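Engineer: Dumping what TrEMBL says about this protein:
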- 17-36: transmembrane segment (TRANSMEM)
- 130-153: transmembrane segment (TRANSMEM)
- 173-194: transmembrane segment (TRANSMEM)
- 233-256: transmembrane segment (TRANSMEM)
- 276-294: transmembrane segment (TRANSMEM)
- 299-317: transmembrane segment (TRANSMEM)
- 350-372: transmembrane segment (TRANSMEM)
């Protein structure tokens, strides 16, 4: 059946049925238009984030600005640091409470004071105090704890002669369980430390996505109250673990549950008459336990803060997407109803029926183009990587020359307003084309 015959058959329908189909088609087209407009709204206002470092009161701060191409010119909108605090508030609470504390201090898994990103600082000699604390804990806590666990396993299995250290069964099993739990927690940080650069890139990507969504969403509908509540929870968590570490160390020393108590105190005969050795051993026991509990609390706090950060990110993104869809769906429905009344009996109803199918066909075509471009990008990247790995002189120089070739490019944003022509690298131009294409279809950046 051809399109002309289909239109003729539709025109022979009774007037009430044709009117009903006309209204339904217009409303369906309005809903689809609203959803696509809401999903691609940040793309129509897409911009380049320019990070400018400003000094404010001796402390570095980032001010994020955006360039929007408009008919009247370029409007520059500055993003305040308050939004950055809303997103990374949990990490800033860790920086203000944990890292600023004299008891905790800083560790290699730290917070970037400028960007508020969680990152791993691999520079040698930066955290001397932290590594000294770790060595002190290993000598006076980990090694005696290992001796107790080994003695307990020997007593249980009866494979070797029983050692002279008398360790209760409950204490031995408790130390074994704590050791297994500690190894499990530490193993969770191995992938993070090995791929810490990917973690920073992910945090920057999520923040840029939220910046674009926040620009389009009204201030009172972007989930700011939830971010403030999550930050308060993070502050309570950081403070509670600081106090609980001190209390746990005191209780352990008083009750005699620490490893040095079983290794030295119960098995030494020269401590009863020497008060100085007793006092020195008591200080060493308390210091080693305090450092052990503080670093263990730091690990748990970082895990909790990462969970709170991801919950804040996903909730804010979901809330702003939902509000944008509601706003643009309402606009689309009002516009479609107005068009239904104004164009009734002037435009055949079937033309409005065709619009949703055209939208689906365009989406399928764009998905195919994205797949082709992504495949080409992957093959090109793999080829360049292979050339770099195999060739050390001539071909590597050729790859650098190809990557450094500059091209003239322009971007049409919003469907009608072209941005200024820029001179950029060919590889950067290809990446921008791929990013904007996927952004236009999917509605969110990559």
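Any Cβ shown, glycine's included, is placed from N, Cα and C.
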Engineer: Counting CB pairs under 8 Å, which listed stretch among 173-194, 233-256, 276-294, 350-372 touches the transmembrane segment (130-153) the most?
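Structural biologist: Most Cβ pairs under 8 Å with the transmembrane segment (130-153) come from 276-294.
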Engineer: Which range wins on Cβ pairs under 8 Å with the transmembrane segment (233-256): 276-294, 299-317, 350-372?
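Structural biologist: The stretch I would name here is 276-294.
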Engineer: Is the transmembrane segment (276-294) packed against any residues at least 6 beyond its ends, judged by a Cβ distance under 8 Å, and which are they?
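Structural biologist: Here the qualifying positions are 103-104, 133, 136-137, 140-141, 244-246, 248-250, 252-253, 258, 260-261, 264-265, 270.
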